[in-house]
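Features as listed in TrEMBL:
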- Cys91: active site, glycyl thioester intermediate (ACT_SITE)
- 5-151: domain 'UBC core' (DOMAIN)
Amino acid sequence: MAFDLVRKRLTKELKLLTENPTPGIRVVDDFSDMRKIRIDMEGASGTLYDGEQYQLLFKFSDQYPFDSPQVTFIGSNIPLHPHIYSNGHICLSILTDDWSPALSINAVCLSILSMLSSCKDKSRPPDNDWYVRTASSDPKKTRWWYHDDAV
């Protein structure tokens, strides 16, 4: 019952994404499990990630949209980026502290594309190895420290 409102919101968001797709963002799910939705993403042209293909996994709780989704890169091609760990976790404030119910799947994808597009150097975060060894499988349990707006 609690997930019915979430399902209604997600159905509306996914309809918009499939009927009016944003370049570089494609829903590739059959929606059999609305708690988990996979998105294919392509790096924007003219950037370090031009044409590269990535997969994002969105996981939704019963409190969505009041609670942010859990969003991670999955698959064998996790982008090299100073705010993306090799386990797929993304250090992006709108996924935690700066989340707003007004945000959507598309808004999150656009923020991630923007983050990738503004990157000047493909590299892992300096603490990648330590973080991957010690982090929870749920990136929302990480207390992120947002200190670098340069990438």
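A Cβ is built for glycine as well, from the same backbone N, Cα and C atoms used for every other residue.
When DSSP labels each residue, the domain 'UBC core' (5-151) comes out as 41 helix, 26 strand, 80 coil, counted as helix, strand and coil in that order. Neighbours of the residue listed as 'active site, glycyl thioester intermediate', defined as other CB atoms within 10 A of its CB across all chains, total 21. Per-residue confidence over the domain 'UBC core' (5-151) averages 92 (mean pLDDT, predicted model).
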